[in-house]
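What TrEMBL says about this protein:
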- ASP483, ASN510, GLY512: Mg(2+) binding site (BINDING)
- 46-150: domain 'Thiamine pyrophosphate enzyme N-terminal TPP-binding' (DOMAIN)
- 242-352: domain 'Thiamine pyrophosphate enzyme central' (DOMAIN)
- 453-577: domain 'Thiamine pyrophosphate enzyme TPP-binding' (DOMAIN)
Amino acid sequence: METHIGSVDGAAAAADNGAVGCPASAVGCPMTSARPAPVSAGEASLGRHLARRLVQVGVSDVFAVPGDFNLTLLDHLIAEPGLRLVGCCNELNAGYAADGYARARGVGACAVTFTVGGLSVLNAIAGAYSENLPVICIAGGPNSNDYGTNRILHHTIGLPDFSQELRCFQTVTCHQAVVTNLEDAHEQIDTAIATALRESKPVYLSISCNLPGLPHPTFSRDPVPFFLAPRLSNKMGLEAAVEATVEFLNKAVKPVLVGGPKLRVAKAGKAFVDLVDASGYAYAVMPSAKGLVPETHPHFIGTYWGAVSTAFCAEIVESADAYLFAGPIFNDYSSVGYSFLLKKDKAIIVQPERVIVGNGPAFGCVMMKEFLYELAKRVNKNTTAYENYKRIFVPEGQPLESEPNEPLRVNVLFKHVQKMLNSDSAVIAETGDSWFNCQKLKLPEGCGYEFQMQYGSIGWSVGALLGYAQGAKDKRVIACIGDGSFQVTAQDVSTMIRCAQNSIIFLINNGGYTIEVEIHDGPYNVIKNWNYTGLVDAIHNGEGKCWTSKVKCEEELTEAIGMALGEKKDCLCFIEVIAHKDDTSKELLEWGSRVSAANSRPPNPQ
């Protein structure tokens, strides 16, 4: 697997020197994508220091919306040769783009103005927090002289209290810093960035608008090397956890492994695969972990998602007498309305820093990556569960052949999407039925995959596609987006065109919020239909490379895909797919009914 910062095992290259992060000058340092240019003493300002720090940790693009409080700061970000400022249409999309960029590169950043910008980006930052993504949210703040003066400023709610934005961010970031003086700025900036990387969560950094251009001795010509000390396991705890787990697994008859989304946080994807190789166990992934471990391994059995798992996967997992979950998140969505058929006494739960074996004991200060590597050395080989899977597995059937000019079915669309995938592609799945259709895609080795399951914010995928494609320029990204979601964040297709991206967007036009329909229907789930290709053509406006197509049958879809992969391969390709409003996956029907049942449980009697 790749070992740059954007991969699941982004810090693997640092293991030899004992650092998770290291200075840009270090040989083989995984924390940098470009070495910052030398800075003269006159340029050693707060703004340039922040810009160089971003480059050092792997940020080459900052997604921004200008406002009067951040304009000077943006000047200094632009002046950094290793940094590109990507102007977005609104702050929400800038935050979503930083989220997508962090998925591709391991860390992302966005820059907004005070309060009106900060509160607009807040929803995207909350999503990044829920998905454990290190996003550095930079806000241009009021002039440092205005703090404590009892003055009322614009962009506020009309009170002489400038802390509203900060207080809003406190619950959706792991660290907050308000920089109002030069003496502490160096430490505040470095601490915020280090905390984002260490915790794999967003941080909030407010910088007074009159400070970015000012020099200070701490912003030296050669910046103090950026070093992030690694987290190490307690050796006695690690040994005890491995011993208890080995005893638990080796007495099991048909144990299985399940990868969870926090494999990304722990950078433990390779360690998980090593454990699969050593143990011979069958392994699955939770839906939000799709793409974090290879699906081409012979012992991969699919997505474990309770009642809506891929074929025969749930039967193998839930009938096992021991299951090890590495980095799981169990919520009502991932458990399909709390309907998992799992038993706690059969489960080993491995979180990034903690291991729980059955009903106990629990071992703290045990790092997942170290634990999985050590476990692989001692666990007995056992292929029973995988052999059972091979015995019962029957491949899913292909969609029925389409009649000439028959209205296009969604399962036919995804049959063609499957054929498009290779190691140079990636998939972005929007909240909705695309969750379920994309889960059934079989990812080739190296094919990326992202969706936002924990937060599930509709519209996320437009900004995330912008950011992911900007961070993974070696990938042709394919996004599957519903019409309802697209209406929330459509504007930043324009930014994709400005950035000369060549992603392929399948806009699935079925006239409403289909996922909501299957949970609880009502007139509010029907939306105004747009001429989506006409809208994108208007956004394109003859500037840059963009191509659109509207398809209603398989013949038209085949022709459009051929154009997107051939003659228009260097263009942003937008393909509007007309689908029937009731054309959904069987998994969504099952999932929706179970989530609906969970949502509508009556109050417990008091």
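Just so you know, glycine gets a Cβ as well, placed from its N, Cα and C.
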Mean per-residue pLDDT in the domain 'Thiamine pyrophosphate enzyme central' (242-352) works out to 95
For ASN510 (Mg(2+) binding site), what is the tally of other C-beta atoms lying within 10 angstroms of its C-beta? 21
Please report the number of other Cβ atoms within 10 Å of the Cβ of ASP483 (Mg(2+) binding site). 25
Within the domain 'Thiamine pyrophosphate enzyme N-terminal TPP-binding' (46-150), residues counted as helix, strand or coil by DSSP: 53 helix, 21 strand, 31 coil
Secondary structure tally of the domain 'Thiamine pyrophosphate enzyme central' (242-352) (DSSP, helix then strand then coil): 39 helix, 21 strand, 51 coil
